[in-house]
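Pulled from TrEMBL:
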- 129-451: domain 'SAM-dependent methyltransferase TRM5/TYW2-type' (DOMAIN)
- His218, Asp257, Leu258, Asp285, Ala286, Asn363: S-adenosyl-L-methionine binding site (BINDING)
- 308-345: region 'Disordered' (REGION)
- 321-335: compositional bias 'Polar residues' (COMPBIAS)
Amino acid sequence: MPVKPPSLPNTTILNKELFSCIINVTALRIPAQRTSQLVAALRGTVLREAGIKPVIDIPSHSTERMLLLDPDVVREPNVQTMSQALQQVIAKEGAVVTPYELHLTYEDWTFEQVIRSVLPTTMDVPSSFEGVGHIAHFNLRDDYLPYKNLIGQVLLDKNRHLRTVVNKLDSIDHTFRFFKMEVLAGDDDFMAEVHESNCKFRFDFSKVYWNSRLQMEHSRLLSFFKPGDIICDAFAGVGPFAIPAAKNQKCTVFASDLNPNSYEALAENVQLNKVEDKVAAYNMDAREFFAFSLRELNRADLRVSMASKAPKPSVRRSKAQKTSADNSSAPSQIATDAAKKTEESQVETNGGKLRWFNHYVMNLPAAAVEFLDAFRGLLSEYKDQIPTEKLPIVHCYLFTKGQEEAEKDAVEMVSKNLGTQLLPSDIIKIHRVRDVSPKKEMFCVSFRLPALVAFADK
């Protein structure tokens, strides 16, 4: 008899008592001091089920234990029907073969085992969900909806770090990038705290966009940034690019999001991660923000204001820190690199130093390409001052339709909206981020802004 909960097809309301059962298995009564050796020796024969202990203490017999065997391997407590290898172990160890009643309850079963027992055999267990702090986020298909609350409650029971399970109700809002959701189980609490890239993020998951599955993509793009880079993040969300770039890479970031709730979370996360001197947060439309942020970048008073917010050095230092400081008066390498890099993205003019961005991040795959025309003439008045080889790098996220020639389609979408054909020399990286659906892929096209676009007449 396989070790699994009772079959309860089409059950939609959780009744934990229904998952209690007794399963007859074969056990070996063994010396307690030989437990670990015998478990290793009988690998493949010992019962291995998540949540079920194969070794049972025997009351009043502390020198012995019961070792449970897999009923699919050993079907009955009869030595004669066992494998030759198992018989030899039993004889050598003086183990006693005995039947054993394994009493199991709801608490012993895994999420997958419970859900599999209630779903029709034609349906798979919906094990794919996104974890956002204490929140588990499902995107259940219609045929799972009758079981949605049961699924939510079981997931909550089997994952102690979760407090809320939600289900996506409709497609994402393309303006503010969040979706409606319903609570399937647990607390009606959407305030999440997430740790990523050595940073802490707090936000209301029901009002902003966050996708934990993009963590690797966040890290990948951050690898483009060098200490001292100046970055414009026009669709910043709650800061998954902006804040790690500032905290880890010592970049200066001008970040904006149109969603007021995202902006509020971004501003809070800037303070939470102590990067007020590196990140300036705004609540603006991206098209307006491109020109506005360039003006802001060249405001001397803003630079002074941001610099004044730098965290004060700690007064208390360990002996090791004091020794290190005494032995070297040179600045840290990352600070030195940052200073050098900042000098690369500025030139002297009659009015002082002109600064421009090294990178533009456009993380709104549903619509970012539609904003590329805003780069036309953005730097036209600085045509004679900015070297073409130092023009900004743009990282534009987008969706393509269909997988045939998807990379070519991505480049064509960018070129069309820029108003000029991207040349191979312009393209730095075409990266396939993920498959969204069978006919929809997400890409990031990284390219050097063509001089024909940057310096075009307005």
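Any Cβ shown, glycine's included, is placed from N, Cα and C.
Given the structure is predicted, the values throughout are model-derived calculations rather than measurements.
Cβ neighbours of Asp285 (S-adenosyl-L-methionine binding site) (same chain, under 8 Å, six or more residues apart in sequence): Leu258. Cβ-based neighbour count (10 Å, all protein chains) for Asn363 (S-adenosyl-L-methionine binding site) stands at 23. Within the same chain, the residues at least 6 positions away from Ala286 (S-adenosyl-L-methionine binding site) whose Cβ sits under 8 Å from its Cβ are Ala234, Phe235, Ser256, Leu258, Met362, Leu364, Phe371, Ala374, listed in sequence order. Taken residue by residue with DSSP, Asn363 (S-adenosyl-L-methionine binding site) is part of neither helix nor strand, so it is coil. Cβ-based neighbour count (10 Å, all protein chains) for Leu258 (S-adenosyl-L-methionine binding site) stands at 20. There are 17 other CB atoms within 10 A of the CB of His218 (S-adenosyl-L-methionine binding site), with all protein chains counted. Between the two most distant C-alpha atoms of the annotated S-adenosyl-L-methionine binders (His218, Asp257, Leu258, Asp285, Ala286, Asn363) there are 22 Å.
DSSP assigns Leu258 (S-adenosyl-L-methionine binding site) to coil in the three-state reduction, placing it in neither a helix nor a strand. Listed in sequence order, Phe235, Ala236, Gly237, Val238, Tyr263, Leu266, Asn283 are the same-chain residues at least 6 apart in sequence whose CB falls under 8 Å from the CB of Asp257 (S-adenosyl-L-methionine binding site). In the three-state DSSP classification, Asp285 (S-adenosyl-L-methionine binding site) falls within coil.
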